């Protein structure tokens, strides 16, 4: 029995480590493609095109017998989810990364639980419960995350990179100056990344309704990717109709969009779904800061990025805020489970869905995979 329990823990842990490594690689590919001169709007459009091509057949074969008929409401919610969590959020995030570094942009993504908590309060999906330890932890974690984001934005500090690599794939990929090195603007870049987190959080709130109305994980994700493809393609064509920007050759641009669409939005989405099913959403969440560490290492080794004191301290505060919010959520969930049942019967939801404060929330993979689609 002990061996079986150990295996039940090791396999999901290894799967989540691989998930974070793949997404760390995604940030490196993003930075390389944008530094190569690829229009970030075209990059987003191609990412979701490849994601749709991968997920649509998967959704068809996996859920073809259980899937119900599409309604206009489901299509409308899918469109809004694609707009907030896909088109807008991704364009803002890559724009922020272009003005900063891959490590800096990745650090800001750990703000997502705090921002989601604030929006959930506004939409009454969460209760503040400030007199309880769980409520105090969520508020404290939110303020820690905001403080870390401000430190990232306004304080750079000295170079604290533990090693200095002579490898710089951005310079090598530029072919000796065929593309100018991207300018940096940490204030604007951090603002774009934080706004991106806001739209991701808004997407989580909206897709809560979608998962209740259409509780078919693969189909709804594929539908959202299709919507995002149409939106981001139209958006990119409005600003850049240069055929050269849309032409893919066997270079870093093609590698980046295939990796982003198939590996990040396709394969790893299935991996995360399996992990949540095996170990639950809290287990998946605690691995999130690992991506920041991997990106920091890869960025300094491969992209010539320097780690500054402000980035390191801000990242520590953001991660501390993340775990404080998660601790509060875990304690709240435990208290809810131990509470005696009231006379009012709970609403029936799809297998695998959770209930939070009397509101049917979507299956955990959709809630936690903000960067995965």
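Note: Cβ is positioned from N, Cα and C throughout, glycine not excepted.
Because TrEMBL annotations are produced automatically, they should be read as predictions rather than curated entries.
Range with TrEMBL annotation transmembrane segment, chosen from 158-177, 218-237, is 218-237. Counting residue by residue with DSSP, the domain 'EamA' (188-326) contains 119 helix, 1 strand, 19 coil. Recorded stretches compared: 12-33, 102-125, 186-206, 282-303, 309-328; the one with the most Cβ pairs under 8 Å to the transmembrane segment (74-96) is 186-206.
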